[in-house]
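Input: a single structure, listed below in C-alpha cells.
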Amino acid sequence: MTILTTLIKEDNHFQDLNQVFGQANTLVTGLSPSAKVTMIAEKYAQSNQQLLLITNNLYQADKLETDLLQFIDAEELYKYPVQDIMTEEFSTQSPQLMSERIRTLTALAQGKKGLFIVPLNGLKKWLTPVEMWQNHQMTLRVGEDIDVDQFLNKLVNMGYKRESVVSHIGEFSLRGGIIDIFPLIGEPIRIELFDTKIDSIRDFDVETQRSKDNVEEVDITTASDYIITEEVISHLKEELKTAYENTRPKIDKSVRNDLKETYESFKLFESTYFDHQILRRLVAFMYETPSTIIEYFQKDAIIAVDEFNRIKETEESLTVESDSFISNIIESGNGFIGQSFIKYDDFETLIEGYPVTYFSLFATTMPIKLNHIIKFSCKPVQQFYGQYDIMRSEFQRYVNQNYHIVVLVETETKVERMQAMLSEMHIPSITKLHRSMSSGQAVIIEGSLSEGFELPDMGLVVITERELFKSKQKKQRKRTKAISNAEKIKSYQDLNVGDYIVHVHHGVGRYLGVETLEVGQTHRDYIKLQYKGTDQLFVPVDQMDQVQKYVASEDKTPKLNKLGGSEWKKTKAKVQQSVEDIAEELIDLYKEREMAEGYQYGEDTAEQTTFELDFPYELTPDQAKSIDEIKDDMQKSRPMDRLLCGDVGYGKTEVAVRAAFKAVMEGKQVAFLVPTTILAQQHYETLIERMQDFPVEIQLMSRFRTPKEIKQTKEGLKTGFVDIVVGTHKLLSKDIQYKDLGLLIVDEEQRFGVRHKERIKTLKHNVDVLTLTATPIPRTLHMSMLGVRDLSVIETPPENRFPVQTYVLEQNMSFIKEALERELSRDGQVFYLYNKVQSIYEKREQLQMLMPDANIAVAHGQMTERDLEETMLSFINNEYDILVTTTIIETGVDVPNANTLIIEDADRFGLSQLYQLRGRVGRSSRIGYAYFLHPANKVLTETAEDRLQAIKEFTELGSGFKIAMRDLNIRGAGNLLGKQQHGFIDTVGFDLYSQMLEEAVNEKRGIKEPESEVPEVEVDLNLDAYLPTEYIANEQAKIEIYKKLRKTETFDQIIDIKDELIDRFNDYPVEVARLLDIVEIKVHALHSGITLIKDKGKIIDIHLSVKATENIDGEVLFKATQPLGRTMKVGVQNNAMTITLTKQNQWLDSLKFLVKCIEESMRISDEA
C-alpha cells in the first residue's frame, strides 16, 4: 500500500491537513471511511507520537481496524474493545477481548508508540489507576534475583489463579523451584530458580507440559482488566459496607434480603482468594482515584475523533442506559447506590487539553471552538459488479482525466487476472512500481480496503474488489492463539478423582486416585478403584493400560459393576456380538465399493477455474484440502462415497457447490438432497447466486413449488434439460427419472427416516456420493471406517468470523431488555430460546410488553410442519425481529442477520446442545452474542452447577468446549453406526467400544494384530521404585508419566522422560531414579527376548525365550560378563536359557550391566 500513501503524502491538500493535525482543533469534512483511514495512517507514519482514534462503538472500531491493518504493522495497532453493553460487567466473558484490552493498557503504561482505537464506552470506563498498573508490569530476566513470595503475591493481584498444573490462560503453579505461568498475551512461561535467582526462562507447551525454547527475558502481563491488591480490598470493604448501609433503607423491604445476599456473595470478608471476574462489578468502590484510559496516554498524544455527532448520540443513549441499568439493579437488590462502570463526564471534558482533529463526512455544527476547517471532495466509486462495459467506460474516463488509478485485489492470482482484463479494455496498467507512478494509468497491487474512493482534487481513484466483483473484504488476521481440535479433545481423557472408568476385565468402576502402598517391605503406586457396594480394586500402575476413562453421552450415568460377578462378561459379550455384525456389514460395503465401476471425470476445465476464482472469500486450508480430496475421488473409476464433516457455517456448501459444478461441466446431472424445505430453499438460492454467470439449469423440488413446476422439473430431469436439482424427500419418489445422474449430495443424512434412507441407498448405486454433516465424527472411528467410507474434515472457521461473545448470567428482565434493544438497534434479529411449549405464548406476551415495537414470532415442534416452515421463512426474510423458539432451531437453519441468542434456564441444557445452539449466531461478519441465563438464587443441582461452570469456560479455550466436542463425537458415532449402537457405546464406554470395533473390522479384513516378536516381559524387583507425592503432587501428571513409562520401548524415550521430569519437576529423588532403572532394564529385556526377571530375595532369576536362546552367542556373552564372576550362573530349562544373579552391593547396577550384555550378545537374524 506504499504507492497509495506516497501519492497522498505528495498532495497539497494532505500537507495542509498534516500541518494542523494534532496541533489545533480542526474539523475535516468530506472523506469516506477508507479515505479517512488512509489519511490517519499517513499522519501516524509521519509522527513519533501515540495516536488515539475515538469511535462511537466497537463495531465501527472493528471496521476501521480492518482498513488500518493495510497500512500499519499489526504490532503497532491497538484496540480497546469494550462491548456496548452494561451486562458485560455482570457476566463471565471470553478472554479474547480482555487480552486485547490488557495488551493496549500495557503498551500505554509503557509509553509505547502506537495507533490506539478506542470506542466511546472504552474511553469512559473506570480503570485501575495508571501508577498501580505500571507497578504491576513485570519483566523477568535470566540471572536476576526475585523475592518469590512477593512475586507470587503480585501474580495474584494481577488476576492469576494458583493451580497444581497450568492448563488454562491466567493460571500459575509452583513446584519446587519451578514456576509456570500462562499469561493472556504470549506463550506459557516456565521459570526455573536456583534459590532466589532466575536460572532459566523457557516457553512451554500446555498440552505436553514440555519446555520449548529458552528466552533471556519475558514480560508478564496481567490476567485481568483490574489490579486488586490487599490495600484495594480493604478500601473496597469499607466503601461497599457504606454503600450497603446507604442502599438498604432506600429500597423496598421485599428486596432487602436479596441485597443482603448480593452483599455477602462477594465474599470479601471470609475469603483470601478474590475472583476478579466478579469483583469488577464493584470497580466504582475499588480505588480512591480510579483512572480512565485517557490518563494512560502521553501528554503529547494526537487525538482523532470519528464522526463527532454519532459519538454524542451514542453518549446520550449510553448515559440513559447506564442510569436505567443501575436503577434496575438497585431496585431489584442486585446493586448499590454509587455503583457505576463509566465516568459520567462529557466526552469533550474527558479529552480537554488535547488539540483534537474531528473527522465528519458532512459539514456540521459542533459546540466546540475550531481553529481550522479542511474540506475534501471525495466521491464513492461506481459499483461495477462485473459489468464489463460500465467498467471499461469508467476506467476510460479516469485515463482521459489523467487520474492516478490504484486497483486493490486480494491475491497474486487476481493481480494477473485483473491486468489481463484491463489490457483487453486497452487501459495501460502496471503491477510493480519502479519509479513514481505516472498519471493516466492503473497500478494493480495486492491489498484490500472496505470500499474504494475517488478524490477528484488529488486526481486519485482507489478501486477495490468490492466495486469490481461485489466481493466481501477479507478480514485481516491479528495474532490469535491457534488450538487444534485434536488438542481440545485430548484432555477430556484426563482422569479426575470421582470419574467413572472402565477396566477391561472388571467393568465400570470409579477412580479414587493414586495410592502408594507398602507390600512386602516395598513401596509401589496403585490406582484405586471403587466398584459396587464396598468393593475396591487396586491396580498396579504398570497395568494401567487396562483402565480407561468411561466416556459416553453427557447425561449418561453408568451403573457400577460388581467385582467378580458375571454381569460384565455378559455385557461385553453382547457388545462383541454387535460390533462383529457391524464389522460384517462394513466389510461387505467395502468389497462392494472396491468392485463397483463408476464414471471417471477428467482434470478441471477452464470454466471450473474461472468459476472457482469467482468465490468472493478466501478458502480455508481445510476447505481447499477437502475439495482436492473430492476431485481426486471423482477422477477415479471407483464411485465416490465421501463424508464431509464440518461445523455449521464452516463452508461445507462451497465445497459441495464446486463438486456439483465439476459434474455438470462433464454433462452429468446432480441431485442435492436436504432434510427440510427451508434448507432446500437456502441451498437453491446459494447455487443460483454462485452459478448465475454460467449456463447451468438449476431447479428446486419442495413444498414451495406448485405441482405444475414440479412436473416440469421432473420432465427436465428425464430429458437432461435440468442439470442440478435441489430438494427434500420429494427427490426420492419413485417416479423421478434422471437422464444421467452423476453426483448425489446428501445433507445431514441421519435426519432422514428409515424408508428414505433405503431409497437413498438405491440412488447411490454406481453414482458418486458426497454426504455433508455438521456432527463431528470421532477420530477413533475414522480408523475403523477407513476404506469403507472416505472422510474429509473442515475444522477451521472462515476468516471473518468473530468468536461469539458468551455471557453467563442470572435471569433478570433488565438484562434481557438491554440485550434485545442492543441487537434490534443494529437492525439485527434475536433467537429467544424458551423450551416450555405449554407457556411459550405467555413468554411471548411478556417479551412484547418489554419491547412493544418489536415483531415477535413463535416457533415450536407442536406446530404443523407448514406453519413452522412459514414462520421460519418469514424470520429469515426479516419480517420478525425476535423468534421465541424451542430447541427446534438447533439444526441447520442459517439466519445471518440473527446475531443474538438468549437462552432461558441454560442450566437445563446439555453442553453439546448449548454448543450447537450457540453456532446459530455469529454467522456473518458481525459479532454474535449468546446469553446463557440461569434462575436467580436457585439451588442448582451438582451437574447443573458443573455444567454452568463449564459454560463459563465456553470460549475456545475452555473445557466446556471439550465436553461438548466429546458428546457430539459420541452422537456422531451413533449417527454413523446406527441408533442401537449408541446404547452399546454407553454400556462399555466409547474408548473400549471403538477398540472392540477396530479389532473386529481388522479381523474380518484378515488384518492380524502384528504378533509381537518378543513376548511380554515381567520385571518384578523388591525395590522402592515409584513417583513420590512430594515430587509430583498432581495425580493427573503422575498418571501421565506412568503411562509414558509403561509405553517405553527405546532408550531415546527414556532419555526424553528423564528430560521431561527434570524440566517439569526439577531433579528427581532416588525412588524415581530406581523406577527409571527398572524401565531401562525392561527395554534391554524387550530387545533381547528375556521373558522374566524376578527378585527372589538373595538371587535374581532371569528367563529367556526359546527363540532368544537360539539367537544368543554364548561365547560373546561369557566374555562380556566376566566382571560378574561367580555371582552369575547359567542353566537351561525346556530348551530356554535361565540365568541367576546373586545379589551383592550395587546389585541393581550389576543387573543393568547383565541385561545389556545379553542384548549385545544376540546374533542379528538373517531376516533382519
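Quick reminder: no glycine exception, Cβ is built from N, Cα and C everywhere.
Looking at 207-210, 635-638, 747-750, 923-926, the range tied to motif 'DEEQ box' in Swiss-Prot is 747-750. Per-site Cβ counts within 10 Å over the binding-site residues Gly646, Gly651 peak at Gly646. Helix, strand and coil counts from DSSP across the motif 'DEEQ box' (747-750) read 2 helix, 1 strand, 1 coil. Secondary structure from DSSP puts Lys652 (ATP binding site) in a helix. Secondary structure at Asp647 (ATP binding site), as computed by DSSP, is coil.
Taking the Cβ of Lys652 (ATP binding site) as reference, residues of its chain lying under 8 Å away and at least six apart in sequence are, in sequence order, Leu644, Gly646, Leu772, Ala774, Ile794.
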